[in-house]
Amino acid sequence: MASSSSYNSPCAACKFLRRKCMPGCIFAPYFPPEEPQKFANVHKIFGASNVTKLLNELLPHQREDAVNSLAYEAEARVRDPVYGCVGAISFLQRQVERLQKELDAANADLIRFACNEIPAAGLQPAGIPPNLIHANPPPRHRSMEYNRPRIDGNGGGFYQTQSLPYAYPLPWNDNYNPQGGGLDGNF
């Protein structure tokens with residue numbers, strides 16, 4: 001964040017605006033000569049006079065964060081003129097929601113399988129009342145599986161989801177054996 005006078009070259013803003021960079025230039029600490037595209041994007045989206053007004057209204061310790069935010073939004077607007085950084089935020093939010101659903105489904109599967117294995121071993125899981133533990137889980141709705149192609153063709157085995165296949169037998173298959181093993185006794 002050195003001033004442009006120590007390098008004897010104008011800051012990126014003054015160079016872009018084709019004016020002499022004065023020692024007290026408000027742009028110099030935030031738009032170094034090595035980053036001309038940063039100011040070009042900010043100028044294109046917000047305008048140099050608006051950025052000058054904004055920086056003059058802020059306290060000196062707030063200016064760097066403001067310039068970084070302006071530069072980020074300007075670059076996002078150059079890449080996506082309609083949505084800008086809101087498009088990136090929306091994409092990330094949808095991705096978080098999708099991953100949260102996958103995590104919830106995986107946790108539900110883990111709980112269901114843990115509850116199925118514990119009574120067979122004669123142990124009671126902590127925090128789960130004995131009357132809620134079933135040797136056989138209640139059947140799940142099969143409508144969810146109709147849209148998923150089966151990897152093997154004979155009714156057992158794995159289902160392919162959009163992201164990852166389940167690497168374990170699902171208990172709601174027609175061929176599921178709660179004592180363990182499939183039709184041939186191997187899982």
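Cβ atoms here come from the backbone N, Cα and C positions, even for glycine.
Residues 89-116 are the range that TrEMBL records as coiled coil, among 5-32, 89-116. Here the domain 'LOB' (9-110) has, by DSSP, the following mix of helix, strand and coil residues: 73 helix, 0 strand, 29 coil.
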